[in-house]
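These notes are about the structure you will find just below.
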Amino acid sequence: MKGRGAAHGGRRTTMRQRFLILSLVILPALAVLGLARAAPMAGALPVIPATQGHYLMGCGGCHGIQGRSGREVVPDLAGQVGYFLCTPEGRDYLVRLPNVAFANLSSEDLARMMNFVVFTFGGASVPANSRPYTTAEIAALRANPLRVADLHGYREQIVRAVTHACPAAAGLHGYDVAQAAREGQ
Amino acid sequence: MVGWNMKTTCCAAMAAMLAVPAGSALAASPVLQAEQSDVATLPPVGAHWVLPATDRESYTIYDADAGRILGTVPASILGNIALSPDRRTFYVADTIWSRVDHGTRQDLIQEYDAHTLALRREITLPPRALAVYKGQDFDVSPDGKWAYVFDMSPATSVTIVDLAKGAVAHTVDIPGCALVFPWKQGGFSSLCGDGSLTNVGYAGDKPTVTHSAQFFDANNDPIFEQGLVDHATGQALFISYTGKVYNVTLGQRPDIAAPWSIQAAAGQPVAGTGVQEQAWRPGGKQPFAWNRASGHLFVLMHVGPHWTHKTDGTEVWELDPTHHTLLRRIDLPQPARGIAVSGDAAPLLYATSQDGIMTVLDARTGAVRRTVEAHAESMIVAPDLMPGHNG
């Protein structure tokens, strides 16, 4: 930059001067033309909370940014996921799913994310008096991920017990039926 | 109508031109013979055959010595190809829709006779994983009895197909794991998101599933999906983004050796995980190849920071995975996104580039033997000719 500035003699400008020129000349000109807009401020941008961000990065691609995904292929979380808290095994199941257990998050962050998923997306499907997941609970559950060769069969058992405890959860079976049809069973 | 008229006019003119000299000559009129149609057949699969995926619609069979196209096996951009161990059949696992890009979805294995390329049979599959050109999505067991098809719905599973019966035998869920790496006999392993292997033993009845200990860091230094398996021995090479190589003997209880570094073998600085850390690193869409005769590993290398694992390679490094040594660095004439190597003792190295060119090199000298405008995609298959089979 130095050499170039010297070659151009008196036309040499610093970055700061250029910025000033831009501000003093161009911006007022745009204002006159009615084209100026307020510069984007940090506060004006949509800010995604970290917990929601973790959901979007790790889960939202398939489960949908609002927890709706076309429930026959990927189970809907919105209005459904809370039903799993109707049984202790259902509560454990959500965290022992390998793609939850293996998440690139600390157990503390994973607990926050699961509570967001279950209590925010789950909405009315969460049974009354349900307690949130704790960090210690998440750490224990993720150390024991589901390793079954028939995960869909296992899920069906869980869903059956959940539906027995909370009859309103019957819609959860839609995924199991569709999955079985895809596998030709 | 215009086209038809043009054609008719053209043909009429041709006929007139031919009629004049024939009419003026005194030679006996030729005896017209019916054309004999036949079906061309291929010789047994050769050591220097290579099948690049071409134009998103087929695998083209080349004789790389002659630089000649021998045939074409249809396969979409989602299709994977595997040669049966007896070299008599090409299997293509593919997915098509009744109205091309929508409509009824059909997943199937198509079975082609390797001698005539006739479509012999089609086997219906449950929905398979859709990935553009990934050899590890589909494979055939070394005894030729089973095909393994990786599924992702996005729950992951593997469909095991009984190839004698031409029917699905079993679908095994592999939660949190992906892809198929066949054992020498009786099963396959898959790579898991917690840095372990899941091992599925299957001989026709109930599958047995085991898990290895965690051996790689899936979050910070993952293993490439394009790991290699020697079907004759069940030996696998898994390579991490920073260039660590894990020699593994696959099985119900896999034997996983401590990793060694490609860069250290080459006398280069070992690559770390810094996002601005420039180093030689493996990369590309199909960055690895394994020569059966020498047991040497070929790796597509480039200079870049961490997370540049899909960057085209400028060099191919030949390494001895037993002694962890570098044997040769081959400077490619142009950056390549995929490589393959023939299995014989006079190996050819194949490299495909962004512009569709397939370069054929002598792997022993690095000399370019041939440059083919092949319309090649990133995937390129050098058939793995296992000993003891002659086709």
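Placed from the backbone N, Cα and C atoms, the Cβ positions cover glycine too.
Just so you know, TrEMBL annotations are computer predictions that nobody has curated.
Among B:Cys11, B:Cys192, the one TrEMBL lists as the disulfide partner of B:Cys177 is B:Cys192. Under the three-state DSSP scheme, B:Cys177 (disulfide bond) falls in the strand class. Within 10 Å of the Cβ of B:Cys192 (disulfide bond) there are 24 other Cβ atoms, across all protein chains. The C-beta environment of B:Cys177 (disulfide bond), restricted to residues of the same chain at least 6 apart in sequence and closer than 8 Å, consists of B:Thr156, B:Ser190, B:Leu191, B:Cys192, B:Gly193, B:Leu197, B:Thr198.
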